[in-house]
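Trainee: Here it is: the structure, laid out below.
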Amino acid sequence: MRIVIGSFTAFLLLLLQNSNAEIPGCDFFDTVDISKAPRFSNGSYLYEGLLIPAHLTAEYDYKLLADDSKEKVASHVRGCACHLRPCIRFCCPQYQKMQKSKCYGDMSEDELNKHDPFVNVTLSDGSVVRRHFKEDLIVQSDLAKPGCPRMYFLNHELPGNEFTLFENGSLLRHWDKVELSKREYCVQHLSFKDDSIRIAPHFCPLSSEHSRTWKTVAIVISLICIILTISVYLYVEKLRNLHGKCFICYLASLFLGYFFLVLNVWKYSSGFCVTAGFLGYFSVIAAFFWLSVISLTLWNSFSGNSSWLNRFLPQNRFLSYNLYAWGMALLLTAITYIADQVVKNEKLRPRVGVGKNCWIYTGDMTVMIYFYGPMLLIIVFNITMFVLTAFRIMKVKKEAQNFTQQQKTTNRLNSDKQTYALFLRLFIIMGLSWSLEIISFLLSKNQAWAKAFMVADYFNWSQGTVIFLLFVLRPSTLKLLKERIKGGRDEAGASDEHISLQNTKIDPSVF
């Protein structure tokens, strides 16, 4: 019995000893290693000119990681310095630079002479003071870095990159109003393009952001599927009617948009960043205008030869559609470019290529003016045209019941309805995908919603794959492709489901 009681007492003493090894009321990330600092007889330490009393010191045999797990290390004394003076939490040793999330050797004498050692610190009363990182603050450089292999940094001189560093050590990121603790960020000296060296905050990608690798995989598969779809439509003559040609132009625009997006993901377009941003913008906007062309031509096809649109279109309609789609995309790109050059208010500029992001800036609501706004208007237009076309089909079907050549008209109508249904599915997929993209942007500041829309983002990057499944891997297209490979001609009777609206108009007498 005595052995049991003795063992239990020893266990309690061990727990008590371990609990006393931590400084009461002091977070590990508010401490510094003071093992090498002078110690006085009363148990206090003098660290970097700061006297740390004995009750704010303790012996630790671990270090705390960013995820609050403990890593065993040699026993050492730590002091709660950040309760006595504001601290600044470095990623690396205090005189090293950081590049691509990695620490490099100490700065040279020339670099030390030209680097900016000051940071703005916001005090508890809201006032902002300029502080020297070494002389006025306690440097913490032995804490574990945030738990991610790749970190982003903020350049406060760029719009959308502003931040506030508080005296309690937390950092407020302005663009999404998120306050980061010292577990979630660190600062380090960084070389910038203007040859300056400044202290910049570094932090992990948002938890809702996607793996660059998986994002690339989704986009590259989409690009391959788009190429395959274009190839099939160019190879099979029957598919190269008016709708097929418009569809090919849509796919070409979409391909270029995704191509510049994947270049931006891997920073391959950094050498021509602004140009790549505008080319990507032009391509995506052009894809939307081509989608509007498809919805308009479908509506016109079911409206008969008496359609008012026919009076304004020349004989070569495909040329007119090219002038419209590419021309409108070019016009919006030109407006965006001019606004980027002449608008003085940073919050109203498109800011293409800002912050090494070779795309239009999406950090605030300005993107609604230049990108998502026009996109939304075209989506509304497409919805209108598809609804009008659906009503027209129902009217034609009803009138065709009393038509003298009922069988012929019904067959033609069924074929055209299949074409309409096919492109309607395309619009639903594309319209839904980009609508979710807009909603995702509007809710991006909310972490919970941002995570929920991760699936929508992957769906958006996989549009080319969905199109390939929808338009190529369908029985009618595969049948036409098989006959074309065998050397057969794409006669009208080859398939009952192929796109049939090239030269076909529903007889106006039906209406």
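Any Cβ shown, glycine's included, is placed from N, Cα and C.
If you look up Swiss-Prot, you'll see 22-215, 267-273, 339-366, 444-452 marked as topological domain 'Extracellular'. Residues annotated as disulfide bond in Swiss-Prot, with similarity to another entry given as evidence: Cys26-Cys80, Cys82-Cys87, Cys91-Cys186, Cys92-Cys103, Cys148-Cys204. What Swiss-Prot lists as N-linked glycosylation site is Asn42, Asn120, Asn168. Look at Swiss-Prot and you will find 216-236, 246-266, 274-294, 318-338, 367-387, 423-443, 453-473 tagged as transmembrane segment.
Let's see these features in context: how buried, what's close, how far.
Mentor: Model confidence over the topological domain 'Extracellular' (22-215) is summarised by a mean pLDDT of 89.
Around Cys80 (disulfide bond), the C-beta neighbours below 8 angstroms that are at least 6 residues distant in the chain are Ile23, Cys26, Asp30, Thr31, Ile52, Leu56, Thr57.
Annotation note: Asn42 (N-linked glycosylation site) sits in a coil segment as assigned by DSSP.
There are 24 other Cβ atoms within 10 Å of the Cβ belonging to Cys82 (disulfide bond).
The number of other Cβ atoms within 10 Å of the Cβ belonging to Cys91 (disulfide bond), over all protein chains shown, comes to 24. Under the three-state DSSP scheme, Cys91 (disulfide bond) falls in the coil class.
With a 10 A radius on its CB, Cys92 (disulfide bond) counts 20 other CB atoms from all the protein chains.
With a 10 A radius on its CB, Asn120 (N-linked glycosylation site) counts 12 other CB atoms from all the protein chains. According to its DSSP assignment, Asn120 (N-linked glycosylation site) is in a strand.
In the three-state DSSP reading, Cys148 (disulfide bond) counts as coil.
Sequence-distant neighbours of Asn168 (N-linked glycosylation site) (same chain, 6+ apart, CB under 8 A from its CB) are Cys82, Pro86, Ser124.
Taking Cβ pairs closer than 8 Å, the transmembrane segment (216-236) reaches residues 244, 247-248, 251-252, 254-255, 258-259, 261-262, 265-266, 458, 461-465, 467-468, 471-472, 477, 480-481, 484, 490 in its own chain, all 6 or more past its ends.
Nonlocal intrachain contacts for the transmembrane segment (246-266), taken as residues 6+ away from its ends with a CB within less than 8 angstroms of a stretch CB, comprise 212, 215-216, 219-220, 222-223, 226-227, 229-230, 233-234, 240, 276-277, 279-280, 283-284, 286-287, 290-291, 293-294, 297, 318, 321-322, 325, 329, 357-359, 461, 463-464, 467, 471.
Outside the transmembrane segment (274-294), and at least 6 residues removed from its termini, the chain residues within Cβ reach (under 8 Å) are 243, 246-247, 249-250, 253-257, 259-261, 263-264, 321, 324-326, 328-330, 332-333, 336-337, 352-353, 357-360, 370-371, 374-375, 378-379, 381-382, 385, 423, 426-427, 430-431, 434.
Using a Cβ-Cβ cut-off under 8 Å and counting only residues 6 or more beyond its ends in the same chain, the transmembrane segment (318-338) has close neighbours at 242, 245-246, 249, 253, 278, 281-283, 285-286, 289-290, 292-293, 297, 350, 352, 360, 370, 374.
DSSP assignment over the topological domain 'Extracellular' (339-366) gives 11 helix, 0 strand, 17 coil.
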Trainee: In whole Å, how far does the CA atom of Cys204 (disulfide bond) lie from that of Cys87 (disulfide bond)?
Mentor: 21
Trainee: Can you tell which of the recorded positions Asn42, Cys87, Cys92, Asn120, Cys148 lies nearest to Cys186 (disulfide bond) in space, using Cα positions?
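Mentor: That would be Cys92, nearest by Cα distance.
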Trainee: Could you round the CA separation between Asn120 (N-linked glycosylation site) and Cys87 (disulfide bond) to a whole angstrom and send it over?
Mentor: 13
Trainee: Work out how many Å separate Cys148 (disulfide bond) and Cys87 (disulfide bond) at their Cα atoms, rounded off.
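Mentor: Distance between the two Cα atoms comes out at 23 Å.
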Trainee: Which residues of the same chain, at least 6 past either end of the topological domain 'Extracellular' (339-366), have a Cβ under 8 Å from a Cβ in it?
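Mentor: Cβ under 8 Å, 6 or more out: 155, 158-161, 175, 260-261, 263-264, 267, 269-270, 273-274, 276-278, 280-281, 441.
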Trainee: Between Cys103 (disulfide bond) and Cys91 (disulfide bond), how far is it from one CA atom to the other, in Å?
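Mentor: Rounded to the nearest whole number, the Cα-Cα distance is 8 Å.
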Trainee: Taking the Cβ of Cys204 (disulfide bond) as the centre, how many other Cβ atoms fall within a 10 Å radius?
Mentor: 19
Trainee: Determine the Cβ neighbour count for Cys103 (disulfide bond): the number of other Cβ atoms within 10 Å of its Cβ.
Mentor: 15
